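Per TrEMBL, these features apply:
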type     : residues                                                                 : note
BINDING  : T7, S8, N9, Q10, G11, K12, S71, F152, G153, Y154, D155, K175, H180, R181 : substrate binding site
BINDING  : E38, D70                                                                 : Mg(2+) binding site
ACT_SITE : D70                                                                      : active site, proton acceptor
Amino acid sequence: MKIVLATSNQGKVREFQSWIHAYEVVAYSDIMEPFEIEETGVTFKENALIKARAVYEKLSDKNDIVLSDDSGISVPLLGGAPGIYSARYAGVTASSSDNLNKLIATLKEHGVEKTPAFYTAAIALVCVKGAFCVHGWMHGEAIAEARGNNGFGYDPMFIPCGYDKTLGELDENVKKAFSHRARALELAYIVLNSLK
Ligand SMILES: O=c1nc[nH]c2c1ncn2[C@H]1C[C@H](O)[C@@H](COP(=O)(O)OP(=O)(O)OP(=O)(O)O)O1
Ligand SMILES: [Mg+2]
């Protein structure tokens with residue numbers, strides 16, 4: 001039994017592979033031809049389940065467990081945007097730097113240098129015993145500039161609570177200690193251990 005990650009985001013793959021040691025972890029594209037999965041849900045949970053179910057359907061070994069992550073950054077000043085649309089914020093074909101630059105430009109349009117923001121991660125697990133979903137959050141501030149190259153996505157503009165540097169500048173262990181994804185993964189372990 002191994003964990004198959006239903007994601008095409010290499011930043012997520014890197015984090016899950018470096019954080020999960022109790023199981024063999026592979027990206028789904030290592031064991032099948034990658035395919036388009038439409039994220040038609042209106043919540044992180046719905047989209048996480050859509051991605052995990054789509055990959056589980058195509059698995060040849062149904063004893064494997066599929067793990068997906070649907071995540072994003074929400075800015076209360078912007079009514080929660082980009083939220084579940086974080087990966088499509090600057091358009092459906094946008095790169096992560098397009099999205100980052102759009103959020104920086106939007107904050108500047110609102111005349112703010114920093115504003116409260118939070119990340120959400122929904123992790124779905126789909127296996128022979130059913131489908132499960134857990135969540136995690138990380139609070140902090142979004143700033144109207146990009147600093148540092150660590151992490152991925154919006155990390156260069158996100159300062160976690162209790163720090164004065166962005167996740168782009170901070171050591172990777174900070175994300176491992178209390179990121180939205182790390183917190184959701186802690187809960188996912190409870191589900192995983194009960195599936196054994
Ligand atoms: O820790 C994070 N640090 C920085 N940015 C992050 C993080 N976590 C989510 N994000 C951003 C990236 C992307 O703009 C969106 C996720 O979108 P989301 O659809 O879940 O992932 P994705 O399309 O990149 O890959 P996939 O759907 O194949 O898993 O939120
Ligand atoms: Mg996506």
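A Cβ is built for glycine as well, from the same backbone N, Cα and C atoms used for every other residue.
Because the structure is a prediction, the values reported are computed rather than measured.
The structure, with features from TrEMBL marked on it.
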| residue | record | Cβ contacts under 8 Å, 6 or more apart |
| --- | --- | --- |
| T7 | substrate binding site | V13, A27, Y28, K51, S68, D69 |
| N9 | substrate binding site | D69, F152 |
| G11 | substrate binding site | G151, F152, G153 |
| E38 | Mg(2+) binding site | I50 |
| D70 | Mg(2+) binding site | E39, G41, F44, K45, N47, A48, K51, I84, A121, A122, A124 |
| S71 | substrate binding site | K12, F44, S86, Y119, T120, A121, A122, H180, R181 |
| D155 | substrate binding site | G148, T166, L167, G168, K175 |
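Among the binding-site residues T7, N9, E38, G153, the residues whose Cβ sits under 6 Å from any atom of ligand 1 are T7, N9, G153.
Maximum C-alpha to C-alpha distance over the listed substrate-binding residues T7, S8, N9, Q10, G11, K12, S71, F152, G153, Y154, D155, K175, H180, R181 is 20 Å.
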